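Before any comments, here is the structure.
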Amino acid sequence: MTLLLVILFISGYILIALEHQTGISKSAIALLLGILLWTFIPHTDNEIINHLGDTAEILFYLLGAMTIVEWIDTHNGFTLITNHITTRNKRKLLWIIALITFIMSSVLDNLTTAIVMIMLLRRLVNEQQERWIFGSIVIIAANAGGAWTPIGDVTTIMLWINDNITSLNVIHHLFLPSLISLIIPLVIMTFRLQGETQPQQATNTNTTLAISRGEQMTILSIGIASLLFVPVFKEFTNLPPFMGIMLALGAVWTYTEILYNRKRNLSPEKIHRIPSILTKVDYSTLLFFLGILMAVAALQIAGILDQMSTFLNDKIHNVYLINMIIGFLSSVIDNVPLVAAAMGMYPLTHTSGALSPYLMNFTTDGTFWELLAYCSGIGGSLLIIGSAAGVVVMGMERINFMWYMKHITWIAILGYLAGIGVYYLQSLV
């Protein structure tokens, strides 16, 4: 039975990785995989309900966050940031783009950040090969920015919701390693650019909106504040993050209703209330997470993850090496199931139950969990197919897989390893 489950899981992984070659949505494969695995294992109703409850927390959080981000984007809130970029110096522009991406990705999902920045680059950089360089740095910056905050990436959200990491500690311990993982590639790629970009005529992006610039600024401020509010809400109430994001969504929804109720005789295409925003949310992504997380839960119930953790502990027994391996794997395999698998393989250990220094690595804010957040996020930059940001940039800019591997992979690896080194040095202080 164990062999059958492993074969099913690996087959599903392969089909998910080959989504663009097969033309079959990874969400469809994930749902098939998740349910099929449960049909082959002995289980109780309580086990299904418990795991579905844990999964639902993540799904509701993502639904709220994705809706708020889409709300900002629909009202062109992000253009208020990008329109302030006026420099034409290519090197200076590369650093500005990278740092903006790094900061935006720390509070927004990597996918949205990458899309926003690529749309900006199309207005700033004309030459395709140079835009590939800029786009590649956007991928690295988006993944680096998402690794050091509890809401910056789906994987950190998963770890945070499960209390593997806490807000202040993950920021304190992973900010510098994540920044270094970006700075190293950024410095190297700076020398590949020279001269200035050709200015392009500005386009009007506000034709389908009926709101003023001041209202756009208010929407951007409320949206960002609502996302930042969630960790604070969890810290003070001890309620799960999905309740915080739903509270924030309720506030955003109320503001939107008041905003449009004050505006009379608007044509339907200029009204963007929350119900219309919800139609733009990528529900296939939510179903992908549902399938993957339930698939990993099935492996956990079957005891396979315990066997894997025992093998790694016996053969490696080093949290740095284990997470480095996970990071390299995340360049090929989606980091969500990797992190979910690691969380199942290594259950959270309470401080009172950590009977050895090694087990202390698995307590809340332990070295293993912080490194897992870093390695699974940054490792996604090593190949262009290793992250959602990479895949979307690859699709939008038609970046060649082999070009990325030849020109970007090696500098991404240098940044990845340098960040791990910085994290280790921090642990010695």
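Cβ atoms here come from the backbone N, Cα and C positions, even for glycine.
All annotation found in TrEMBL is predicted automatically rather than curated by experts.
In TrEMBL this protein carries:
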type     : residues : note
DOMAIN   : 13-360   : domain 'Citrate transporter-like'
TRANSMEM : 93-120   : transmembrane segment
TRANSMEM : 132-151  : transmembrane segment
TRANSMEM : 171-193  : transmembrane segment
TRANSMEM : 214-233  : transmembrane segment
TRANSMEM : 239-260  : transmembrane segment
TRANSMEM : 281-304  : transmembrane segment
TRANSMEM : 316-333  : transmembrane segment
TRANSMEM : 371-396  : transmembrane segment
TRANSMEM : 408-426  : transmembrane segment
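Residues 13, 17, 342, 358, 361, 367-368, 371-372, 374-383, 385-387, 416, 420, 424 of the same chain lie 6 or more positions beyond the ends of the transmembrane segment (316-333) yet place their CB under 8 Å from a CB of it. Long-range neighbours of the transmembrane segment (132-151) within the same chain, counting only residues 6 or more positions beyond its ends whose Cβ lies under 8 Å from a Cβ of the stretch, are 65, 93-94, 97-99, 101-107, 109-110, 113-114, 117-118, 121, 125, 157, 159-160, 165-167, 170-171, 174-175, 177-179, 181-182, 185-186, 189, 192-193, 227-228, 230-231, 241, 373-374, 377-378, 380-381, 384, 387, 389-390, 393, 396-397, 399, 403-404, 407-408, 412, 415. Residues 1-2, 5-6, 9, 12, 25-27, 29-35, 37-38, 41, 43, 47, 51-52, 54-55, 58-59, 62-63, 66-67, 70, 154, 334, 336-337, 340-341, 344 of the same chain lie 6 or more positions beyond the ends of the transmembrane segment (281-304) yet place their CB under 8 Å from a CB of it. Mean pLDDT for the domain 'Citrate transporter-like' (13-360) in this predicted model: 85.
Counted over residue pairs 6 or more apart, the CB atoms of the transmembrane segment (408-426) and the transmembrane segment (93-120) come under 8 Å in fewer than three pairs, which marks the two as apart.
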